Amino acid sequence: MRKIIHVDMDCFFAAVEMRDDPSLRDIPIAIGGSRDRRGVISTANYPARRYGVRSAMPTAMALKLCPQLKVIPGRMAAYKEASQHIREIFARYTPLIEPLSLDEAYLDVSDCQACSGSATLIAQEIRQAIAMELNLTASAGIAPIKFLAKIASDLNKPNGQYVITPDQVLPFLRDLPLSKIPGVGKVTAKRLQELGLITCSDVQNYSQAELLKRFGKFGHVLWERSHGIDEREVSPDRLRKSVGVEQTLAEDIHDWESCESLIEKLYIELETRLRKVRPDLHIARQGVKLKFHDFQQTTQEHVWPQLNKADLLQVARTAWNERRAGRGVRLVGLHVTLLDPQLERQLLLSWE
């Protein structure tokens, strides 16, 4: 049985700022763009979160919720430096490290002999080392499979950890809301609820064939996760190639204005996700996906050096006008393809 740890730093960007400037510790702060430039919040500290300030929220909205909020533009070099130090701490225990972003990673410690092989104690030591060496806090989840380790890391935040042992997997899943499973968004959760599927135990008693019929490949993933199946390995060589966000609509849309409004909202989430893996927002290309009421779909892409909303809207408008053929749209998605590190320098120079 594998031993997987998911480590997630606590409000990482904001925590680095509070560490380096103690005067910020007890006041609400957020990292993000300015209100004048229609900026977006990347992360907020816990005092700010008490006012309802959240990541991916427009800065203007955050300031309405919390007028005294101090918005900081961010220092990506400092965040990268801290992230590298954290990964060096991970490497003391295992070479099997799969970074998800600057502030979170999976570790497979199945063969680690430290702490007598106890994943719980290894996670505790890692968190203590981060606190002592960087003066930052981290939370951790420990489980025999990846998605449960990720869920567990959120259960004792901040500065805590949660363990799900192999014999606790099925009891833990029994009452777990399906909305906690990665990939189940608000619209999917609503569709599941309409079928009477609210917790994993509901799916355990539901027809797998019916799930496949209604949700396609994701229905299979949902069935597996609800039964405690996740065979994905921790992959240290995994190179993230893309970042995306999409939304399935409760009702089809038929007018461009509705699509444009949805893209405006999705763009905020896409920018937030991309900034966690590419703080400079440099990309190889960006694109739009439209899925129609007959479940046919189309993808339109454009080579572009940096995430750009105006270009995405133009690409989407082209797809809407040329490929919709009067059909209602049931899903809208945005995505970017990341630069190949080996080609990044040449590609970026060609755009200068």
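We number each residue from 1, going along the chain as drawn.
Using the three backbone atoms N, Cα and C, a Cβ is placed for every residue, glycine included.
As annotated by Swiss-Prot, active site applies to Glu104. The annotation Mg(2+) binding site is assigned in Swiss-Prot to Asp8, Asp103. The domain 'UmuC' annotation in Swiss-Prot covers 4-185. Residues or ranges marked as site 'Substrate discrimination' by Swiss-Prot: Phe13.
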Confidence summary (mean pLDDT) of the domain 'UmuC' (4-185): 94
Tertiary neighbours of Asp8 (Mg(2+) binding site) (same chain, Cβ under 8 Å, six or more apart): Asp103, Glu104, Ala138, Ser139, Ala140, Gly141, Lys150, Ser153, Asp154, Lys157
Per-residue Cβ crowding (10 Å cut-off), top of recorded positions Asp103, Glu104: Asp103
Three-state secondary structure, Phe13 (site 'Substrate discrimination') (per DSSP): helix
Around the Cβ of Phe13 (site 'Substrate discrimination'), the count of other Cβ atoms that are within 10 Å: 29
Asp103 (Mg(2+) binding site) in three-state DSSP notation: coil
Asp8 (Mg(2+) binding site) - helix vs strand vs coil (DSSP): strand
